[in-house]
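Annotated features in TrEMBL:
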| type | residues | note |
| --- | --- | --- |
| DISULFID | 12-49 | disulfide bond |
| DISULFID | 181-187 | disulfide bond |
| DISULFID | 235-275 | disulfide bond |
| DISULFID | 461-500 | disulfide bond |
| DISULFID | 466-475 | disulfide bond |
| DISULFID | 477-491 | disulfide bond |
| DISULFID | 508-543 | disulfide bond |
| DISULFID | 530-535 | disulfide bond |
| DISULFID | 551-582 | disulfide bond |
| DISULFID | 595-605 | disulfide bond |
| DISULFID | 608-611 | disulfide bond |
| DISULFID | 640-674 | disulfide bond |
| DOMAIN | 1-50 | domain 'PSI' |
| DOMAIN | 727-754 | domain 'Integrin beta subunit cytoplasmic' |
| TRANSMEM | 704-726 | transmembrane segment |
């Protein structure tokens, strides 16, 4: 927001959705530019601008027309006119857009049951389609019968095409113009496009008129079907299109000519996309080139026509590629004699009606739109796939979430209108876009206000908007005076040559301070001599994080002091375990103990390496006063009268931790090697109190009999063990000797024999 350098409230709110403008009159510090009024909301609050003085208009949406989608079934008693059926909701709304702030609304679509259908059958009548024509002659009543299962309001029309009536597409010899076919074949004269039957609900009439049609002929293989499609799309009145589902069945067994091919016949004028039917015949085929694919897509979309290409197997690949370029179109395989055309149309219609694709009209400059779809079975999509839902049955309801965002304001700030509609349907959502480019307070501005230096500007939103040729925060200067050296003198501090302390510009004799890259760092002051980022630091933080930097001096928060606010006045960290600050042996400075007694150290002056503990220090006095023995027995009255003593029956009766006075629990040995227990504490008045267990714990003497018995038993057991070991060793020795004797005896026998 700061970087936008906004000079007015309107410029500020266009800088971003989180930018606000403070209209409080005395908000700016000395030296701050008018653009400092523009900042994010949190920064404005922290600088002292009340919420009621912050201009921050928000976008909104308002639904103007919101008819519920129609719920009815085929065969229902009520017969609604097509215009009374609603498939998309809402129908009209207003979006107020602020730059960068998206507005979201939900769109509901439901394919109505028993929705009227207009179907126009456009057929190639070149010679190769001769056998197909015979099957199409009875198409009217047969298709009517099948379509009654889908809708009770069905109309059908018929048109035919061949080719442009110029060379080299047809032969222009008089005989060939009368009958382009060879031999004894009776063919009709070639033509570009003929509207044979406008849309009608009379199937018999379709059969009658189509039955009178004859095949024609041409020279080249590609046909002029694109001319015919263009005329069917744009000649709505002649064809008889209603605002219902519009289907165009294009039947052929050949390829197509497109834009540029007309040059072969000397036709160079691009197709104008207008209706040129006279007596139901296209009369300008020799004058205008074939339309381009993009031109066809535009006109078919504008007129909500869904195309079904019924083509033979040979040209399936070509027309499938064409289908990918034409939204809401389908391709079916036509048998060689068109006998399967009814099933092809039913299948293609079901395929087209199972998918809804949203499209929007051209967006104004700087406006973007995004879609998110919520389709059947929990399927959600975004980006381009967010525009469509597939596998929809008639009667299913799907939803879309649509975001509209303005990235800039229109130059004139005028309202714009965009439309969103499902491809192939006439219904649409009309959205009026209103852009928030100015603040409310600007309408309350005072032109030629005295507050703006004798009426040289308009006072609005707490600041002056200068008239042309005037500048300065209060419009006090003309542009001719800006570079005057006399003005610079007002921008120098006393005894200084620096203009605005080298931290700003001199405009109209006043310093306007520079802006820093970090928007939280600000120069201020009459000469831009102050800032809020050059104060002393502690732990890497300005003012230690415990104060505010004002004009290079730290203003510390309560309980902090020092040049960097790094000195805490809180004494809690200095509190010793006995409740005394620094154990009574030091002073608390900036939250840290400074020990004055050299023997003591540590964070609270409680550590003393050469000192006896509290228990050891008072052991002899407690022993002499409680039990009349010990080293100080003789001098007890003189040396041990400094504490109050209380005798208790047992250790449970001694004072326990948690009392107000600091407490030490002690366990010491007396001269008889007995343990005695006591506590030592000092109350708030400095009086020492000692509680002593009245009976020491003395160890009992040894039991002689068990000791003697144990010794005797040990001696006996050791003797038996030694005896057993000796006996075992003797047995082992005897066995070895006997074995040795036996061996020598055997040796003696061998000597005798020899």
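Numbers run from 1 along the shown chain.
Keep in mind that glycine also has a Cβ here, set from the backbone N, Cα and C atoms.
Annotated pair residue 640 (disulfide bond) and residue 605 (disulfide bond), C-alpha to C-alpha distance, rounded: 26 Å. Residue counts of the domain 'PSI' (1-50) by helix, strand and coil are 18 helix, 7 strand, 25 coil (DSSP-based). When Cα-Cα distances from residue 461 (disulfide bond) are compared across the disulfide-bonded residues 49, 543, 582, 595, 674, the shortest belongs to 49. Cβ packing within 10 Å was compared across the disulfide-bonded residues 461, 466, and the lowest neighbour count falls to 466.
Note: the CA-CA distance between residue 491 (disulfide bond) and residue 500 (disulfide bond) rounds to 5 Å.
Within 10 Å of its Cβ, the residue among the disulfide-bonded residues 640, 674 with the fewest other Cβ atoms is 674. In terms of DSSP secondary structure, the domain 'Integrin beta subunit cytoplasmic' (727-754) contains 27 helix, 0 strand, 1 coil.
Listed disulfide-bonded residues: 181, 187, 235. The one with the lowest count of other Cβ atoms within 10 Å of its Cβ is 181.
Sequence-distant neighbours of residue 535 (disulfide bond) (same chain, six or more apart, CB under 8 Å from its CB) are 542, 543, 547, 549, 552, 553, 554, 564, listed in sequence order. In sequence order, the disulfide-bonded residues near residue 530 (disulfide bond) (Cα within 10 Å of its Cα) are 551, drawn from 181, 235, 275, 475, 477, 551.
Taking 187, 275, 674 as the disulfide-bonded residues under consideration, the smallest Cα distance to residue 12 (disulfide bond) is found for 275. Averaged over the domain 'PSI' (1-50), the predicted model has a pLDDT of 84.
Each residue contributes its Cα atom, and for residue 466 (disulfide bond) and residue 582 (disulfide bond) these two points are 65 Å apart.
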